[in-house]
């Protein structure tokens, strides 16, 4: 009550002996000086009443209490009266409504309760106080008890109980501090923020194995992930606290982790790898997982759990098949059972070390296969020089792969494929020949012009690796040799001379080769001499008539040439002639033998 508040007191008394009835009003200030009413007749019976005070904020006036509200005035005395105006302090209340915020609001059970604490210090007409209120999660407002007017109330909330799947983040009152007013109700809203418990999962991927180098640096791998719905809870206690979920995630193969955020705590996340893209030269092995949980991890609140996948990729292999064939003019001279050694080698590559080996082939075309060679290996072939074959020369070996010549004798092993390689060895016939020179003999040799030319024909039939052939050489009488050195090995060459031109004063009496036929050797040249016999003509006897035919002689003796003319020389002359005839006849016989054509049979 404010100091100086004025109260109006009504006094009255009825008429009495010697005085009339009277009344009046005095104003008395609270806490002020006493107010005196004088000249009241002695013996008057005074009655006091108080007019209703003005209303006061926060309080209700009760009935006034006079120390005496009725008394008799005594002569020459003053009656002291105390007036007490009691005030009843008004009360007010507050009521609290509970609300929730955050993504976990639906996790709070509807029957969950929360205890609030309030307090206020002492004030005018009341002592300090405190208390608690229990509020439900159902949103129903809960009022407090009566609190004194003027109480300055402060609210606070102890930590709420745990909620399955969520975490309290704090609270806010609206308002949190307020003053109670009489006969009023303060509306308070208490909002609690709750978030869902989540964590994250980091998944990483590494690639191992021989063929890891074949996988691109920017390669990514796809994983399916999923987890089942959570345990029952929520507002009704019968709703899963989180739903099942699934998806895909792309993960690089270099070990860099990729994070799945916002996964409910407690969820068991399972991963399955989608089959990786094929890699040429490699084969993916089943994925393996690092750690005890394998491809499934349990998410922990506010933490990141890790799972690591390892993919091994093994190096594929391939093979080559090597077959041998022969070609060339000398191929038929090669032993069909001959063996040929081919060495192969390759340097180190992606996922493999250097290697080498050798294969042994026959020339019958039967392939020899070498398997389990690493993909990408660049195979270099080198053939050992084959054994020499008389009459032939081996040419450089020629390798071809799948029908295409490979000049560098190198192939690349494919991915589980076989490269068909053919090695062709060309054996070319060697050549040989002869050197032929002319020799003259006989009495007419000096009559032959040194520049006279003689034509010799030669020929040979077809043989191993060559066709039939022929040719001719022109010789001079001076003995200058002529060489023919490009005849095929094994050719059986026979010679004949074309009849020479006539020589004045002499007659050709036949020819003889030092060898009438030869077989061409391996790079050799046979030296041959063709000897022609020429006889000077014998002058006629003086008594002979050259115009007459000579008389026929007797039959020639064995070995005698019947065509030789009788010289008619007397005495010793016939003997000399006979000797000459024998010589000439002998030469003629030899020539005839040498001119026989010799057939060369295939050896």
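Placement of Cβ uses the backbone N, Cα and C atoms for every residue, glycine included.
What TrEMBL lists as compositional bias 'Acidic residues' is 542-564. Summarising the annotation, TrEMBL assigns domain 'DUF5979' to 17-85, 94-195, 201-314, 320-427, 434-535. Taken from TrEMBL, the feature region 'Disordered' applies to 533-569. For 572-593, the entry in TrEMBL reads transmembrane segment.
Against the domain 'DUF5979' (17-85), stretch 94-195 shows more Cβ pairs under 8 Å than any other of 94-195, 201-314, 320-427, 434-535.
Counting Cβ pairs under 8 Å to the domain 'DUF5979' (201-314), the stretch among 94-195, 320-427, 434-535 with the most such contacts is 94-195. When pLDDT is averaged over the domain 'DUF5979' (201-314), the result is 95.
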